[in-house]
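J.: Structure provided below as C-alpha cells; questions to follow.
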Amino acid sequence: MRIITTERIPIKLWLDNIDRETLQQVKNLANFPFTHHHIALMPDAHVGYGMPIGGVAATIGVVIPNAVGVDIGCGVRAVRTSLTSIEPSELKKIVARIRETIPLGFNHHKKPRPAKLMPDLSTAISESSLPVIAREFEKGRYQLGTLGGGNHFIEIQMGNDGHIWLMIHSGSRNIGYRIAGYYNQLAKDFHKSGGLKIDPKWQLDYLPICSTNGSNYFTEMEYCVRFAAANRKEMMSRVCAIIADTDPTATFAPAVDIAHNYASKEHHFGEDVIVHRKGATKAVKDGIGIIPGSQGSNSFIVKGLGAPESFMSCSHGAGRKLGRKQARRQLNLAREIEFLKKRGVIHAIRHKKDLDEAAGAYKDVHEVLENQQDLVEKTVTLSPLAVVKG
Ligand code: 5GP
Ligand code: MN
Ligand code: MN
C-alpha cells in the first residue's frame, strides 16, 4: 500500500500503476468536504462515473449515489458442490440447460415470480418512504432470477480443494438502475439549490443523510442490495437444480454471497460513517469473500483480515485493464478464443463484440491478490470450466 497526500485527507492505494483519470477521481474524493480520514483504492481500481470502481470512501452525514454506482447491490454468490468432477459432455448439457432456464441479457421472465420471493418490504410499500420501489416492485417480479448483460456471469469452476464450485455475478437489474438515476437527479437538484458548492464536473452530487431524500435513498438502496442477493439466490437454486438433475447424489454447501456496490453505516477511525464501496467488498476479520478473475483466469475464495486501512474492504475482482471499446479494438478474437480453448474452458466469446469480456480485458488477478496480502488471504483457488455470460 502506498499513500498520496492531498490538500485535505490522504489517499491509500493498493496498486502501483494508476492512470490520470482514476487518480483525479480519488483526489476529488479526498478533497470532497464530507469524506473521513482517507480514501482507499483497491488493487483492481479503474475509472468510473464520479468515483472509481475499486474505491472505498467513508463520509460523515451525507450519501453520494455515484459512489455506490448504478448497479446497486451487484455482487457474487458462490456455492461449493459435493461433486469432484464433471464430464465435458455433461458440462455442455448443463450449460445448455442454464441458457434455456435462466433469462440472460436484457431478457426477463414471461410471468412474474411469486411476490414472496421478493425481499420483504417489512413496512408496507409506502409512496413516501420507498417511492421508486413502490413503482417498480411489480416489474421487479419479472426480473428476479435473471442474469443481465455484459459483465454478469454464471460459471462452473474446479476448486483446488477438489470440489466443483458454482459462481454467479449479477445485480439488482432495472430496479437498482432506476433508484440510482432517480436519486442522482435529486442530488444534482439539491446541489444546485442548497448544497455546498462543489465542482459539478466531479460528479459527486450528494444528499444529506438526515434529509427525506437522503434517508429514502438509503432505504431504497438497502432494498436493492437485498433484491440483488435474492436475484442471485434464485438463479443459484436453478443452477443447483440442473446439477442435481444430472447427478442426484450432488449436495451443496451453504452459499457465500457478497455485494460490491453499496453503502453501509459503520464505525471507522472514531466516527460513525457511511462507507461507500463501489466495486469493493467487505473483508472483515475471518469473513469469507469472493474475488472473481475473468472467464480465462483463476477466481478466489478469500478470508478477510479486517484491515482498518481499507475500511475492512478488499478488491471485488481483477478489475478492467481495458475499457470496453478499447478491448474490442485491441484484443485479437482468434487469439482470445485459442487461449480459452487451450485452457479447456467452455466460454462465451463468439464475436468481436464479446472481446470486452475476454480474459485480456481484465487485469492479472494474481497480481491483484499479491497487492492486497494485508487485506485478504486466499483459501480456495478456482479454475473456470464453463461460463455463461449475459
Ligand atoms: P464488475 O463488472 O462488477 O465491476 O466486476 C466484476 C469482476 O468480475 C471484474 O472485475 C472481473 O475481474 C470479474 N469477471 C468479469 N467477468 C468474469 C467472468 O466471466 N468470470 C469470472 N470468474 N470473473 C469475471
Ligand atoms: Mn453489475
Ligand atoms: Mn458487479
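Glycine is treated like the rest: Cβ placed from N, Cα and C.
TrEMBL entries are annotated by machine, without manual review.
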J.: Which one of Ser129, Ser299 goes with Asn151, His152, Phe153, Ile154, Glu155, His260, Asn261, His316, Gly317, Ala318, Gly319, Lys389 at the GMP site, as TrEMBL has it?
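T.: That GMP site, as TrEMBL gives it, pairs Asn151, His152, Phe153, Ile154, Glu155, His260, Asn261, His316, Gly317, Ala318, Gly319, Lys389 with Ser299.
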J.: Across all protein chains in the structure, which of the binding-site residues His152, His169, His260, Lys389 has the highest Cβ count within 10 Å?
T.: His260
J.: Starting from the Cβ of Asp71 (Mn(2+) 1 binding site), draw a 10 Å sphere and report how many other Cβ atoms land inside it.
T.: 23
J.: Using a 10 Å cut-off on CB atoms, tell me which of the binding-site residues Asn151, Asn261 is the least crowded.
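T.: Relative to the other binding-site residues in Asn151, Asn261, Asn151 has the fewest Cβ atoms within 10 Å.
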J.: Give me the Cα-Cα distance between Phe153 (GMP binding site) and His260 (Mn(2+) 2 binding site), rounded to a whole Å.
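T.: Roughly 15 Å, rounded to the nearest whole number.
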J.: Relative to the Cα of Asp71 (Mn(2+) 1 binding site), which of the binding-site residues Glu155, His169, Asn261, His316, Ala318, Lys389 have a Cα no more than 10 Å away?
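T.: If one measures from the Cα of Asp71 (Mn(2+) 1 binding site), the binding-site residues that come within 10 Å are Asn261.
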J.: Do any of Asn151, His152, Glu155, His316, Ala318, Lys389 (binding-site residues) have a CA within 10 A of His260 (Mn(2+) 2 binding site), and if so which?
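T.: Correct set: His316.
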J.: Ligand 2: which of the binding-site residues Asp71, Glu155, Asn261, His316, Ala318 have a Cβ closer than 6 angstroms to it?
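T.: Asp71, by Cβ distance under 6 Å.
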